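According to TrEMBL, the transmembrane segment annotation covers 6-29, 41-62, 68-88, 135-151, 171-193, 200-222, 234-251, 263-281.
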Amino acid sequence: MIDERVLNALLLTGLGAAGTALGGLIVVLQPKMQFKRLGYLQGLAAGLMLCISMLDLMPAAVEEVGFAAANGWFFAGVAFFAAVVHFIPEPSSEGLQLDDEEDKAAAAAAGRKAADSAGTAAATSKKKDDGPRRVLLSGLITAIGIALHNFPEGVAVFLASMKSHAVGASLAFAIALHNVPEGVAVALPVYFATGSRTRGFLYAATSGLAEPLAVVVLAVFFPTNLDRQLVEKLLAAVGGIMAFLSISELLPLAFEHAGRQRAVISLFLGMAIMSANLYILDHWLGHDH
């Protein structure tokens, strides 16, 4: 019989995987999407994650295990994910989009290449043949990198679900939003290289399955009745992971894609949404955080 909390964690990480698949679906439906919209999502996700980290996970950990222990585990989480990012840099959609001026420059360059002498035609043809292969390879590498990053995020949702369904759901929603641009980053190069929107979507959807896989692995090798203090310590580390992910990766991309003002607005909108969510869970529904 599957433990109810494990089943909840599995369903919630499925939500995170759906975020990655949604990014692939965006490429299927709108391959020339506006990356500004992705910047809004990245800013919103950063606000959600920072808020749940600082206003929910950390206060509960401080109350349960003390200030020093909670902060120690928080910065252990920061250090852990910093090491992950250092050794496995998270791929992004940066450089895949072209604005109008770049399109014009590319067209002009293509015209100049067409006017080249016959002696350089073979070399140019070879480069064109290699181009799609390189782009497809970048898509594969992106999918693998994102899958590796999604595994610890699945662990985070599992631990949050061990505490309560409400905390797990809040964290899973924030991660799902964060995963949408990742799905785009996987699907775009595959679509550009193969011309197949279906393959782009499938690559993106598959890369998100690492989160449910993390739940399965933890459920098999670790007990679900973990000591409450240990859960709070691990959730403090999850708070550190979420904070690092927001500040180091999501915010810079939100600034780049949406611009400083819009990214800041999205950030605080995400914080306001999560604050309202935490208030409702705590005061209206009476859920234990």
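Backbone N, Cα and C atoms are what each Cβ position is placed from, and that goes for glycine too.
Keep in mind that what you see is a predicted model, and the values were worked out from it rather than measured.
Touching of the transmembrane segment (41-62) and the transmembrane segment (234-251) is concluded from the presence of at least three CB pairs under 8 A, sequence neighbours closer than 6 excluded. At the 8 Å Cβ threshold, with sequence separation of at least 6, the transmembrane segment (6-29) lacks contact with the transmembrane segment (263-281), having fewer than 3 such pairs.
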